[in-house]
Amino acid sequence: MPSVEDLWERLVRAALHRDRIGNDAYGRHGGIAANVPSSLTNNRDIDSILRAADEIQDEDATISRILCEHAYSLAQNLDPNSEGRGVLQFKTGLMSVIKQKLAKRDGGGIDRSQDIARLREFYKLYREKNRVDKMQEEEMLLRESGTFSGNLGELERKTVKRKRVFATLKVLGTVLEQLSKEVSSEDADRLIPDELKRMIKSDAAMTEDLVSYNIIPLDAPTIGNVITSFGEVQAAISAVKYFRGLPKLPDNFPIPASRNADIFDFLHYVFGFQKDNVSNQREHVVHLLANGQSRLGIPEVPEPKLDEAAAQEVFLKSLDNYINWCKYLSIPLVWSKLPDVSTERKLLFLSLYFLIWGEAANIRFLPECLCYIFHHMGMELNEILRQQVAQPAKSCASEAGISFLDQVICPLYDVIAAEAGNNDNGRAPHSAWRNYDDFNEYFWSIPCFQELSWPWRTGSSFLIKPPKRSKNFLKSGKSKRQGKTSFVEHRTFLHLYHSFHRLWIFLFMMFQGLAIIAFNDGNLDSKTLREALSLAPTYFVMKFVQSVLDILMLYGAYATTRPAAVSRIFIKFLWFSTASVVMSFLYVKALQERDRSIAGSLLLRVYVIAIAIYAGIMFFMSVLMRIPACHSITNSCNSWTLVHFLKWMNQERYYVGRGLYEKTTSYMKYMFFWFIVLGAKFAFAYFLQIRPLVKPTRVIVDITDLRYSWHDFVSKNNHNALTIASIWAPVICIYLLDLQIFYTLVSAVWGFLLGARDRIGEIRSLDAVHKLFESFPEAFIKRLDVPEMVKADATRFSPFWNEIIRNLREEDYITSLEMELLQMPKNSGVIPMVQWPLFLLASKIILAKDIAAENRESQDELWDRICKDDYMKYAVIEFYHSFKLILTSILDDEGKMWVERICKDINESITRKSINDDFRLSMLSLVIQKVTALMGILKGTETPELVNGAIKAVQDLYDVVRIDVLSINMSKNYDTWNLLQKARTEGRLFSKLKWPRDPELRSQVKRLYSLLTIKDSAANIPRNLEARRRLEFFTNSLFMDMPQTKPVRAMLSFSVFTPYYSETVLYSMPELLKKNEDGISTLFYLQKIYPDEWKNFLARIGRDENAHESELNDNPNDILELRFWASYRGQTLARTVRGMMYYRKAIMLQAYLERTTAGDMEAALSNNEANDTQGFELSPEARAQADLKFTYVVTCQIYGKQKEDQKPEAADIALLMQRNEALRVAFIDEVETMKDGIVQTEFYSKLVKADINGKDKEIYSVKLPGNPKLGEGKPENQNHAVIFTRGNAMQTIDMNQASAYMIEALKMRNLLEEFYRNHGLRPPTILGVREHVFTGSVSSLASFMSNQETSFVTLGQRILANPLKVRMHYGHPDVFDRVFHITRGGISKASRVINISEDIYAGFNSTLRQGNITHHEYIQVGKGRDVGLNQIALFEGKVAGGNGEQVLSRDVYRLGQLLDFYRMMSFYFTTVGYYFCTMLTVLTVYIFLYGKTYLALSGVGEDIKDRASVTKNTALTAALNTQFLFQIGVFTAVPMILGFILEQGFLRAVVSFVTMQFQLSTVFFTFSLGTRTHYFGRTILHGGAKYHATGRGFVVRHIKFSENYRLYARSHFVKGMEVALLLVVYLAYGNDDDGALSYILLTVSSWFMVISWLYAPYIFNPSGFEWQKAVEDFRDWTNWLLYRGGIGVKGEESWEAWWDEELIHIRTFGSRLMETILSLRFFIFQYGIVYKLNVQDKDTSLTVYGLSWLVLLGLLILFKVFTFSQKISVNFQLLLRFIQGITFLLALAGVAAAVALTDLTIGDIFSCILAFIPTGWGILSIAVAWKPFVKKTGLWKSIRSMARLYDAGMGILIFIPIAFFSWFPFVSTFQTRLMFNQAFSRGLEISLILAGNNPNTGL
């Protein structure tokens, strides 16, 4: 084994000697610098020195050795004892290489003077060799020449070389300076003369790209980056400079020589902020100010100054939350009066706030806490500003120095981290620990000032760390821990009532009212009115319940809740408890006076007056508080004590949630919407649900002698209440959920109409694109370009269109030929008409020629026929002008004379309308033939042979025209024709032909040739469906309503933000070539799914379209391109990055084409050159504008660890940075340091970019107070990196948001203008963006998800935004008002588990803080979805679990309480209400079947049939039909169908829907219903919601039976079996007389649900019905089932381990109790069935039931005998086998004797099985619920054995049908066709044939 030292020595030597070409084909780069341990990376010099050593290794190995040695010295100084992780190995390996290079004898010392002399000489030689003095001049000359666009490669090469050289010179100079300190000063001066020192200093100043900066180089002069030459940037920089009146900084405070001191240096010194935080926020503030200035359109001046309006806007926007907070708490601001505050002071306070925010780490989730900190630090700042000399702030000072992080942030962080530690990784109850919201809401009240003071009073209860939470609740005693703040997330379903009590009160009162009317037969008489007055007690009782819940739900937060809030809930409790009693008493007493009229009853009059007074007051308050138009009145009356008290009682006052009202017009719109929904719902409820049940209910109530077949306990003397409940219960359930259905239907129609109004789907085919193309340029310029341009629309449109088409080719969606046909000429003016793309004109000349040849009519009629097709007309005109242009350009004087003569004759003939007479049009084919031949020659490269051929072709053309075509009278122009004929006879006509060399002319030649030769119809171009879809949507969007764009310089700046953890970055070749069980690789799969794109890719890289991927191995670049091609078709980071970088490309293109109005250095270009987009990506001005307006940050949380572990993901991320210079990667770096002899881990937020060597270059490194991951991973990942984002807006993009398109990126600046558009009462804070799900073509499941998702993100969100005004943030790609959100807690919430659906809380937070969320559909972003059933189920489980947690959250509670009634209903039914109604749909099936089971087993149903037809009624039929349609997704499909019709057309919509049905979409939707129900319900009852990694890969593998069983056993299979058992019981005992048809009609929906839940995972499993796989799956499943678990065994390996994992969610007493209560339902089967046995005759005593338990006990004893532990019985195996055999025989004999000697029948035995199976499951469920106690009894092993038996039985029942169908090969073939598209299915079969029909071949 080689030693670690040897390995490191080899690594370092290889790194120093590696090839200098750069990165390999896989993007990995080596070098010793890449292996510097993290604990040493705080000193960036080590990294740069080793990189320089690597760079010059081949030039001078000795100098390389000196640099390595110096790096070693630095490492030794940083960690002398080598205690950091990896430091010892690093230093050992580095030293071993250095020793080999040292030119000295053993024991000799190191002569530093020689090293200095060598470095000095090498420095000079290196400068001379690289011509440093000339290098910069040459680059600047090339830039300033204005001709760099044609020489882009040379410019790029010079820039890269300059950066490399200056980087190396800087390192050499730094090392020289540091080495000189090790010798005497005299030697140092001698070795490094002053001239060299000045040279080193001068060179170091030129390394602007080597000084770390992000966007704006503020700490160094610039050469290549022209961003600092922009006036707005210069103005912003000058605005933050040190101003007069600011206290003086100490002389020793370090300021870079490249800039002057500024206000950030002052704040840095005073408060001790980190250096990199100061640098980061300096750029941040300058960036905001510069963009604010640019929007004002201020003209350029020599010394630009920041406009006060720009500073004021940024100041007020950034500190708006602080200002509102101070107003809420009635405390003074840190400044006196705003008009009196100077611009300098505003910027000082602004900078202070952002410096606090930038270093706050996890405290950024507490926006009001930041306000508190800013408030006190601002007060301190005011005191310091009164002094002459700057002094450190006391709040940040300590003995160790001045540190904001240590003194202000760390104390808060430590408490939050301790509380987070008590959440037991999300398993602890939410009430047991404080989350982020609890900490933040503490700062919503004045007491925080007294308790916390400033600096922090560390002894306050708020800052005391809580004790470690004991997992044993019996041991947990009292502690000093601070309680929750203002809200407690207790885990209960009661939150649904607590949050939305107004909805439930409304529904119950409406049900009561409708029932009263129905039971009075629809008569509205005094009796009905008297009964209707019972609504008042109902109302007060339900409000009393709400007040009780207020008290209960606040338990755990009383200590920290404001006394006023506590008083309010107890006053409400007293009021509603009293009112409930009084009103109920009055009503009961009034009812006793039935004989009196309403007017004659005193009590009734008092009752009515009391109701009227209360109703009047509530109506008055509702008008004042809920009607938008009355809010001004309310606010003006707020000082009145009574009004203030009533408002306070009616609605709690929080810091958030105030003013949640909309404009009156908006209010009227969504109120009208809900009137329609509610009208339909209550009409349906009355006529089809309630009224039909009135008569059966009366009959059942009147029956007094119902006969029960069992021992009845509860149905005596209560009017058969259980029977009535069993009939009414499913109807009531449907009543509660059908409002969701009516909402879905009405919103679908409304959304359809809105979409039609917005012109969505107008262009839905290529034919529409062709017809409307002529209007595209005008529409494009009107909406997407700056309107001041004076050029023709087509001229401005063509470069944009061509860039779109080029990008489609680069993405391999179209062929090169298609690109040529789709591109549009520049229309530079050489031809006096608009030249359209060839795909519009193809074959038009041929058709026009045929029309002309056949024409026998007049000239006008001929022209009319041609003009019927506009593009044929354009083709004819273009042919004429192009041919004229080309001939006049290439011919000599005589030739031009001929051309001009012909053209004049044609024009004269047209004028005389004698074209038919003057020209033989029938001979046009000859002319076209000759012209085509001529153009074919001219488009080639000039050679003597081709020139002669061209001359001959022109002469032939002349002859044809003169002899065959012309029939005019030539005598009029005799001289001309005579001269031409003479020249032709002499052979000199056309002999001096000028070959076309001008690029514009050559392009016209090629175009004319194509126009004449492309004869195929262009109707199908492009052929690729994705290319078509993009072009259709883009062109459609040009006619939609969007804001007018601004010039790039004035557009809003924005960032794109992508969180990344460890997903796939770039597919490696092994991943692409790895085959699954069927021999199918991912690459093979992609080739078959995207066959045309694969051929286009091969053509693009210069390969034959039939080439095999193995042929690409000879070229590393081709391999890399292949990896990218495949990755761009998956859900990878590479695809996401490429898509987002299109934004930058689009901005650069737009800026480049606008440059003629910008007055920059390129304005001198001609119009023709101005529209030439070649090289726009390398224009310095365009790049600088793009950098100023767009930033892309990918926050790769563990990138540092991935680099350290040398994971391929790290190399791939580095490759992406190298290929995308504007890409920034943020990550959390863990650095081990030594403190007091103890290794400690420090955490840093770091931002890196690719440097000039393609390696990571650290820009910022901000130390964190500790591990940033205290809550959910994704929002914490976003939060740490959000400080590195820039701009006014921020678009959040997830990993599955894998496509933005160049074609859509052009519209981004339009979208950003929506922030300034009128969208209601408030400006938008989140812009919703339409999504396109691009994974729909992968499989049928993917298409289901795609269609469902598309329906929601288009039609669904359209209606949520307008008119309902309740659109939230449902994930990406919404665009945030960045400043609004970062000052209010961020773009997501991060508390553990409760915020697992972190994205939607951004919408909640934005709405509660008076934001406005809109939705826009003229722009879209691509989105990937999960494509396999298991992936989909995991995703839906995560979302459903997240919704379960939302039910418990304070955000949902406050929105439910504070929104007006109609918005509240909209909010409910589009968030948690949807999932509750989904769950209620499934519960309806249970309630219906358990009701039927009760009627069947009790015998009541049979008795009632004899007396009344109760079960055959309209209400039950309506309820069941509604439930079934909801269950199978019909109502979900209605929006989908309408969306299809809108965007695809009616016929295609019908075909799509029918296709979905054939692909069994209803099975999928029913299965998804079960997924959502299970996870939603389980989360609310037990918790356990968690993020499920779905992988987002391609599902091309077969999922094993055991894997599916593990995933769905508890969520679907158990429930499916239970429903099947209910159906069997009902069939056996409850359907005797109705017949099979009645049973089928009544239970078809339930049986469909059973089949879907049990078999959907196998129906949608690739190769799920192949016999060989079925055999292997069964073997694998039995091995898993029987394998005993142990320590470290995972659930995937053992049934026992899996079973334990499935029980982990049952942890609390409440969970155990609820599980027990729910499990009691299983005992009804045994109780009912035993009384149906023949053996019991007519006996209904309890003895029968008791005897059944004795039988069950016997069976359990038998089970125990047969499952006796083999480990215990190892010593008496033979005896045990004997006893088991005897027992078995005795049991058989006993059963046989009972059948023979008693009335027991074989049917009874099967009935007993039917009875005992659910009983056993009930016992099992209760036992596992109380697992700790069962373990103590010693019965746990028996329970586990019984559970294994149940799982074995259930698995066998499910597997038998699968095995049966696997016998038939056609089933597998059908399934493959059902799941995958035809191309892949064909490829799959071929693969199996090639593999010799062996599915495992190739593995």
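Keep in mind that glycine also has a Cβ here, set from the backbone N, Cα and C atoms.
Copied over from TrEMBL:
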- 344-457: domain '1,3-beta-glucan synthase component FKS1-like' (DOMAIN)
- 500-519: transmembrane segment (TRANSMEM)
- 539-558: transmembrane segment (TRANSMEM)
- 570-590: transmembrane segment (TRANSMEM)
- 602-624: transmembrane segment (TRANSMEM)
- 670-688: transmembrane segment (TRANSMEM)
- 727-754: transmembrane segment (TRANSMEM)
- 1524-1542: transmembrane segment (TRANSMEM)
- 1713-1730: transmembrane segment (TRANSMEM)
- 1742-1762: transmembrane segment (TRANSMEM)
- 1774-1796: transmembrane segment (TRANSMEM)
- 1802-1824: transmembrane segment (TRANSMEM)
- 1845-1866: transmembrane segment (TRANSMEM)
Dominant neighbour of the transmembrane segment (1774-1796) in 539-558, 570-590, 1742-1762, by Cβ pairs under 8 Å: 1742-1762
Residues of the domain '1,3-beta-glucan synthase component FKS1-like' (344-457) by DSSP state, where helix covers H, G and I: 82 helix, 5 strand, 27 coil
Residues of the parent chain within Cβ reach of the transmembrane segment (1742-1762), under 8 Å, 6 or more residues beyond its termini: 711, 1726-1727, 1730-1731, 1736, 1779-1780, 1783-1784, 1787, 1808, 1811-1812, 1815-1816, 1838, 1841-1842, 1845
Chain residues outside the transmembrane segment (539-558) and at least six past its termini with a C-beta under 8 angstroms from it: 431, 483-488, 490, 494-495, 497-498, 501, 504-505, 508-509, 566, 569-570, 572-573, 575-577, 579-580, 583-584
Same-chain residue ranges lying at least 6 outside the transmembrane segment (1845-1866) that approach it to Cβ under 8 Å: 1601, 1605, 1609, 1613-1614, 1617, 1654-1655, 1658, 1664-1667, 1669-1670, 1674, 1677, 1681, 1695, 1699, 1759, 1763, 1816-1817, 1820
Intrachain neighbours beyond the transmembrane segment (1713-1730), with Cβ under 8 angstroms and 6 or more residues off its ends: 710, 1490, 1493-1494, 1496-1498, 1581-1582, 1621, 1625, 1629, 1706, 1736, 1744-1745, 1747-1748, 1752, 1807-1808, 1810-1815, 1817-1818, 1821-1822, 1824-1826
Positions on the same chain near the transmembrane segment (500-519), where near means CB under 8 A and six or more residues out: 528, 531-532, 534-535, 538-539, 542-543, 545-546, 549, 682, 685-686, 690-691, 694, 732, 735-736, 739, 1456, 1461, 1464-1465, 1468, 1473
